[in-house]
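Q: Sharing a structure, written as structure tokens. Questions coming.
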Amino acid sequence: MNILLANPRGFCAGVDRAISIVELALEVHGAPIYVRHEVVHNRFVVDDLKAKGAIFVEELDEVPDSAIVIFSAHGVSQAVRQEAKRRGLKVFDATCPLVTKVHMQVARASKKGTKAILIGHQGHPEVIGTMGQYYNEQAGIFLVETVEDIANLPIHHHEDLTFMTQTTLSVDDTSGMIEALKNKYPAIQGPRKNDICYATTNRQQAVRELAKQAQLVLVVGSKNSSNSNRLAELASRMGVLAKLIDGPQDILPEWLDNVETIGITAGASAPEILVQSVVAHLQTLGATSVANLVGCEENMVFEVPKELRVREVK
């Protein structure tokens, strides 16, 4: 039984930055540091930061006045920012810069009075934050999850219209949605290329290559991780048994029946230590070789806030 590792896999630049912001804030200011929502969607990462003194909350009313709070990588609405300012909270913003780019697109549409359509998953923190950048009551922003949602949009063809997407979607699904939007609204405007982030795109391409050679694909990532779920779905669509796991403890021996090659990848919020723990566990179950697929190199780095960067240099 062989193990094949996808490349690239695991942490992206936005996740690296978000985790660094929490760790550096704890180092500079000491515990407790409050974090609104899980800074990234991975249970292992969140538990590790809790042990270091981070306190995770869902809403700002759980944060004491004048405390330090970090916004998660998924971003927040303008209403949340305004509440933090009103209460005198010191904020470090760990929003992924690629999410911030989408926020700016929405804010521009709102300012111009252009109706906006967001392709995304209802209830996901990134979507909530992105929708919350639109404040023009004379126009509006609409969320669509399916082609059927697009067919039912109550927007006239002659209206000014723009679209944007959640950054962690399936590339294949999103291209079909964009095509449906352009068919219904030929004059619709949008980004020059879709908003799906480089890391999501790269990991989806890597899992395609993995699924061509493996009979089982294990995706290391938490159940609430959008990009991890998309990786498992993509491998499954290619006819391969695919399982989303938090770690080696989730692996069932029967998954390995008649399997010669196991492919392993990890979502953008899953640390490499979890991948290696899965490899080690599979070796105890009979895996004899480990190889890395050749994939694209990622060199993207996002800087942490200046106040924390000074400390980082020291």
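Using N, Cα and C of the backbone, Cβ positions are placed for all residues, glycine too.
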Q: Check Swiss-Prot: it lists His41, His124, Ser225, Ser226, Asn227, Ser269 as binding dimethylallyl diphosphate. Then name which of His74, His103, His156 it lists for that same site.
A: His74
Q: As a test of the contact definition, list every same-chain residue at least 6 positions from His124 ((2E)-4-hydroxy-3-methylbut-2-enyl diphosphate binding site) whose Cβ is closer than 8 Å to its Cβ.
A: His74, Gln166, Ser226
Q: Taking the center of the Cβ atoms of Cys12, Cys96, Cys197 at the recorded [4Fe-4S] cluster site, which other residues in this chain have a Cβ no more than 8 Å from that point?
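A: Going along the sequence, the neighbours appear as Ala13, Gly14, Val15, Ala73, Pro97, Leu98, Val99, Thr167, Thr168, Tyr198, Ala199, Thr200, Ala268.
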Q: Can you tell which of the recorded positions Glu126, Thr167, Ser225, Ser269 lies nearest to Cys12 ([4Fe-4S] cluster binding site) in space, using Cα positions?
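A: Nearest listed residue in space: Ser269.
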